[in-house]
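Take a look at the structure below.
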Amino acid sequence: MRITIIAVLLVLSAALTAFSVTTLDLFPPERDEVQLVLVTAALWFVFGLACWLLHKINGKAVVALILAGSALIGGAAMVGPPNTSTDSARYAWDGIVQNAGISPYAFTPADARLDSLRPGWLFPTPQSEAGGEEKCVGERIATARTTDGDLLCSSLNRTALPTIYPPASEIFFAGVRFLTGPEPAYWPLQLAGLLLSLGTTVMLLVGTRRRGLDQRNVALWAWCPLVATEAITNSHVDMLGVIFVVAAVFLVSTKKVWRGGIALGIAIGTKLIPVLAAPALLRRGGWRMVTASVLSFALLYVPYVIATGIGVLGYLPGYLSEEGYQDGSRFALVSLVAPGASAVIVAGLILAIVAVLVILKTDQNQPWVGQLVMIGATLLVLSPRYPWYALLLLPFVALSGRWEWLLVPMALTLRLLVPSVPLTRASIAIAIIVIVAVSLRRAGPGSVKRMLRPLRARRS
């Protein structure tokens, strides 16, 4: 009976996912935020209920349900175009440009020299109004100008700026477009996201079985609404980093340090954020892991540096400033006690302390709890307005079974849907309180003293 109920919940989750993809998005200025929040809340509720019921059953049905649910929900996430972000349009453009033999760091999308490469679905033709004036039409279509001053209608954001993405991502973009060509719209990257998410599900199922961990917790990854929405519908390249991080964790924890280091370097080469998984692996991986990671990361950059030079940094410095990470305005909670640029220093100190504790306290045979804490704490401190950054957190929620950390992606999702600073601060504060309370209860009496014991011993 429970298996049937779970199956019904998975079908319901897939139906809600398809509904949200085809009818709701963030692009219209007059969007209904209440409906967005209600549908998202329903998705998370159904997900939570299905995961809870899964813990009531055992046997082969667990793996079958997890895989079937992952495929069903993931497939439903492909029924419509991206609905929270236009990033995958830039991914497609970068791939198209590279397959034409041009470095994606060399020219902006608005450069008139690239006119012949622009497919109609990314750069639609302006429409003429009654008075003869041309206009860009469409909720995903931005109005820009080419470097020659001509009107440019574009599905991309920041058309006047170079790409921001590191080389592993760029190789991925080029590979997808090499297989499909420039004309297919969003589905190639959505399919790639689905395959990567399913691959991660399989890796987690195999990894948990070999290590004697509870396979039922893999559903915390496989059925999660964030995976469907951000890894598949919106096709964020963070998903590529996730699968390489999971590979790195399993390799390093089984003393395959060189291979694990290479996987970690590739993960960092997708979007830099996966470097947060490194502190928990340092005592086991040591200099060999660091060397392999640095070399693989550097080698990815070589062809692009040869082609573009310092331009490989792209828009990264400008992005950090735009997002408020240079003046401290982006830190939702830290900015309450350390306004302005001082928030950067305070945030850095907090994360440095967390990193030291993670390095000292992580069980090297099971490093995922340390990685969960490092990544989760960073997301809570930095409080990015993009919930897809939390995709990196989810595999470690699944490996550790610490469901309370799901409040982090939930809080970040709320921040995206309802851009209110007070609401963001409240949701992040609630997440921190619940995570700390549940973690202390898990650890039992005297847990704080045990955590600080290595630091006291070093001082003495």
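Glycine too: its Cβ is placed from the backbone N, Cα and C atoms.
Quick look at what TrEMBL annotates:
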TRANSMEM  36-54  transmembrane segment
TRANSMEM  61-80  transmembrane segment
TRANSMEM  185-206  transmembrane segment
TRANSMEM  218-251  transmembrane segment
TRANSMEM  257-282  transmembrane segment
TRANSMEM  294-316  transmembrane segment
TRANSMEM  336-360  transmembrane segment
TRANSMEM  372-396  transmembrane segment
TRANSMEM  416-440  transmembrane segment
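Residues of the same chain lying 6 or more positions beyond the ends of the transmembrane segment (294-316) and with a Cβ under 8 Å from any Cβ of it are 103, 105-106, 158, 161-168, 170-171, 261-262, 264-266, 268-269. Long-range Cβ contacts of the transmembrane segment (416-440) within its own chain (Cβ-Cβ under 8 Å, at least 6 residues beyond either end) map to 26, 33, 36-37, 40, 84, 332-333, 336, 376, 380, 383, 385-387, 402, 404-405, 407-408, 410, 447-448. Most Cβ pairs within less than 8 Å of the transmembrane segment (185-206), among stretches 36-54, 61-80, 372-396, belong to 61-80. Remote same-chain partners of the transmembrane segment (372-396), defined as residues 6 or more beyond its termini with a Cβ less than 8 Å from a stretch Cβ, comprise 85, 200, 204, 220-221, 224, 226-227, 230-231, 234, 236, 238-239, 241-242, 245-246, 249, 273-274, 276-277, 279-280, 323, 325, 330-334, 347, 350-351, 354-355, 357-358, 402, 405, 408-409, 412-413, 415-416, 419, 424, 428, 431-432, 435. Proximity of distant same-chain residues to the transmembrane segment (36-54), defined by a Cβ-Cβ separation under 8 Å and at least 6 residues beyond the stretch ends, is recorded for 2, 5-6, 9-10, 12-13, 16-17, 19-20, 24, 26, 62, 65-66, 69, 216, 219-220, 223-225, 403, 410, 413-414, 417-418.
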